[in-house]
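For 5-136, the entry in TrEMBL reads domain 'PhnB-like'.
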Amino acid sequence: MTVQLTAFLMMDGRAKQAIEFYKEALEASVLFIQTYGDAPENPESPLPAHMKGLVSHAVLKVGMANIMVADMEPSTPHRSGNQIQICITTDEIEKTRKFYELLKQEGQVNMPLLQTHFSPGVAVVTDKFGVVFQIVTMTSEEAVIRGHQKDS
């Protein structure tokens with residue numbers, strides 16, 4: 001079982017500019033980038049046209065560490081306090097469920113635990129201390145595709 005914590009920088013429509021800035025300022029390299037328009041369409045929740053070119057997920061390598069960058073989803077307005085989040089990535093859905101159940105106690109569920117096109121289990125919670133956690137189950141293959149680990 002593997003668990004990894006990664007800083008996740010949430011932007012207000014300026015993720016592409018932030019990525020370019022961090023490439024220069026932090027000597028970051030882009031391991032993965034995907035826009036909202038790259039993801040499969042959800043007919044029950046159509047994506048507004050202006051969101052299609054915004055970044056839904058990017059992974060940057062800075063020295064020995066990774067940071068993630070994305071633009072906020074339309075359902076989650078950008079505000080002071082949710083710009084920097086902690087992403088917990090694990091390779092076991094049972095571990096994801098445990099983190100989800102414990103972190104949501106006395107906190108707030110921002111996105112319930114659900115299956116997506118990229119994960120068998122993903123959720124977002126704000127814990128009782130006001131810290132936002134994204135909790136993601138990621139197979140080894142998906143982790144390589146999304147730039148979270150090197151292909152072995």
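Glycine too: its Cβ is placed from the backbone N, Cα and C atoms.
For the domain 'PhnB-like' (5-136), the model's pLDDT averages out at 89. In the domain 'PhnB-like' (5-136), the DSSP tally of helix, strand and coil residues is 29 helix, 53 strand, 50 coil.
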